[in-house]
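Student: As annotated in Swiss-Prot:
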- Arg18: site 'Orients the nucleophilic substrate' (SITE)
- Arg18, Thr70, Lys130, Gly160, Gly180, Ser181: 2-dehydro-3-deoxy-6-phospho-D-galactonate binding site (BINDING)
- Glu41: active site, proton donor/acceptor (ACT_SITE)
- Lys130: active site, schiff-base intermediate with substrate (ACT_SITE)
- Val158: site 'Plays a major role in determining the stereoselectivity' (SITE)
Amino acid sequence: MDRIPLPPMERPLIAILRGLKPEEAEGVVGALIETGFTAIEIPLNSPDPFRSIETAVKMAPAGCLIGAGTVLTTAQVERLADVGGRLMVSPNVEPAVIRLAATKGMVTMPGVFTPTEALAAAAAGASGLKFFPASVLGPSGITAIRAVLPGDLEIAAVGGVSEVNFADYAAIGIRSFGLGSSLYKPGMSAGDVRQRAIATLAAYDAVYGGQQ
């Protein structure tokens with residue numbers, strides 16, 4: 001199956017809003033978009049996640065990538081398509097889930113930790129790979145695994161990543177990240193999220209500004 005590529009993004013950062021409630025979605029998502037985030041993931045173990053995703057899809061401008069994380073089944077992929085999601089992130093490698101999401105036109109980012117998982121995800125047509133948890137693998141672990149992967153496959157570091165270690169990953173050529181608790185924790189106000197987003201993007205630009 002042909003791989004659906006990640007769309008061009010000035011900053012390839014995915015905001016992970018685990019625990020977001022539907023009534024908070026408009027304010028929090030709006031704050032992220034206003035500050036410059038263009039990819040947003042709402043994990044399916046959040047309260048009533050598809051309502052939040054639908055809200056985000058409806059309010060996001062063209063070019064924003066909105067979707068779900070913790071996608072485990074093909075039924076969840078179908079539901080995600082129904083609400084207009086275009087991003088499918090999973091914690092594991094399930095070829096049937098990846099392939100169905102691709103047929104729905106979604107960008108797919110399965111989670112991997114080993115060379116076997118990474119190659120299986122690539123064979124299933126994943127748009128990119130989510131190396132998780134990046135805090136355990138570290139830059140050296142990701143470098144070792146990346147050596148055996150297709151060169152055109154996008155790699156994102158997720159889990160334990162924040163503005164304090166962007167430079168560590170920049171040193172090995174990684175510029176895509178999924179940002180969770182360093183950016184958003186359940187119950188945070190839209191104003192607090194906006195301030196965290198501003199600080200995060202400033203730190204990213206300080207490291208990667210010359211590479212964009």
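Residue numbers in this text run from 1 along the chain shown.
Note that Cβ sites are derived from N, Cα and C of the backbone, with glycine treated the same way.
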Student: By a simple count of other Cβ atoms within 10 Å, which of Arg18, Lys130, the recorded positions in the record, is least packed?
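Tutor: Each of the recorded positions Arg18, Lys130 was scored by Cβ atoms within 10 Å; lowest is Arg18.
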Student: For Glu41 (active site, proton donor/acceptor), list the number of other Cβ atoms lying within 10 Å of its Cβ atom.
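Tutor: Its Cβ shell of radius 10 Å holds 29 other Cβ atoms.
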Student: List which of the recorded positions Arg18, Lys130, Val158 have their Cα within 10 Å of the Cα of Glu41 (active site, proton donor/acceptor), in sequence order.
Tutor: Arg18
Student: For the 2-dehydro-3-deoxy-6-phospho-D-galactonate binding site, please report the maximum Cα-Cα distance among Arg18, Thr70, Lys130, Gly160, Gly180, Ser181 in Å.
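Tutor: Between the outermost Cα atoms of Arg18, Thr70, Lys130, Gly160, Gly180, Ser181, the distance is 17 Å.
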Student: What are the sequence-distant neighbours of Gly160 (2-dehydro-3-deoxy-6-phospho-D-galactonate binding site), meaning same chain, six or more residues apart, C-beta distance under 8 angstroms?
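Tutor: Listed in sequence order, they are Pro133, Ala134, Ser135, Val136.
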Student: Among Thr70, Ser181, all listed as binding-site residues, which has the most CB atoms within 10 Å of its CB?
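Tutor: Checking each of Thr70, Ser181, the winner is Thr70.
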Student: If you count other C-beta atoms within 10 angstroms, which of the recorded positions Val158, Gly180 is the most crowded?
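Tutor: Max Cβ neighbours within 10 Å, all protein chains included: Val158.
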Student: In DSSP terms, helix, strand or coil for Glu41 (active site, proton donor/acceptor)?
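Tutor: DSSP call for Glu41 (active site, proton donor/acceptor): strand.
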Student: Between Val158 (site 'Plays a major role in determining the stereoselectivity') and Lys130 (2-dehydro-3-deoxy-6-phospho-D-galactonate binding site), how many Å separate their Cα atoms?
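Tutor: Between the alpha carbons of Val158 (site 'Plays a major role in determining the stereoselectivity') and Lys130 (2-dehydro-3-deoxy-6-phospho-D-galactonate binding site) there are 6 Å.
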